[in-house]
Amino acid sequence: EKSQDCMYLQYCKVCQSYKAPRSHHCRKCNRCVMKMDHHCPWINNCCGYQNHASFTLFLFLAPLGCIHASFIFVMTMYTQLYNRISFGWSSVKIDMSAAKRDPRTIIPFGLSAFAASLFALGLALGTTIAVGMLFIIQMKVILTNKTSIESWIEEKAKDRIQYYQTDETFIFPYDTGSKWKNFKQVFTWSGIPEGDGLDWPVREGCHRYSLTIEQLKQKADKRVRSVRYRAIEDYSGVCCPVTKGVKTFFTTPCTEEPRIALSKGDLILATRGLKHWMYGEKILDSAADGGLRERGWFPRKCVEKCQYDSETDQPVDGEKKSR
């Protein structure tokens, strides 16, 4: 509504519009999502402002259902094995062919049924632990009125301030200071979260756009510390390239972030890297690509660092540069 607010907002080149505070662009959904937490492949959708409460309830109820299933599996195996186990002086024998007495079971319980029940019990317990831990993580960020992405932004803000040793302090603006108030912003009796997803109440002493201002600072810092590389080999963009060396094949990044295909002569602006892989953005002609961006991982051996003059030379692989 106020044109002067544009200086505090991030611009999405894909959606061709400014991002609302706490919004992020999802590569999978190909749109900006309000208060985006993450993209969940299991629900084939983003977890954000509208469905954060529903997703968290799903993470709570799924382990409960698995605990119930585990109890049924355990009691099934116990009742079926009770009449089939004989204890001797030197060994324990299990007769899976038939019960000693005639329990008149509704469902025949043989060796295959026992193996299937045991396997299902393992799956139920594994899901309970894995999804239960995700529920705990979600509740931690909800009680501080954050998302998983915002928690990561806060950590990077601390690293940026420590890196340049500035006197500034970053205070997360949306934490009300009360866990109950933070909880009520997500969970309501009507099922509709508070607010409109665009304007958020901020704590006293914080700017309305404190988070987006910090994000702009982090992006500017990334550009300062980025390094320009030129592709010297073609790369098809496969996850585990066989022709780029054994070490490159076995050390492929374990992440859902994409790989970018390279052609000899392409220019890439690298922002971070591993020993055998690098992550960056391909430098394209903005007029020809329509504002699209190609970012992802690529093998380190496929590129070489471009030569700079003394004024534009950049540190490599996180080497500090005085500023």
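Glycine is no exception: its Cβ is also placed from the backbone N, Cα and C atoms.
What TrEMBL says about a protein is an automatic prediction, not a curated fact.
Not measured: the values here are computed from a predicted model.
TrEMBL has this to say about the protein:
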- 57-78: transmembrane segment (TRANSMEM)
- 106-137: transmembrane segment (TRANSMEM)
- 224-308: domain 'SH3' (DOMAIN)
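For the transmembrane segment (106-137), the residues of the chain that approach it from at least six positions outside its boundaries are 56, 59-60, 62-63, 66-67, 69-70, 73-74, 76-77, 80-81, 96-97, 148, judged by C-beta separation under 8 angstroms.
Broken down with DSSP, the domain 'SH3' (224-308) shows 14 helix, 29 strand, 42 coil.
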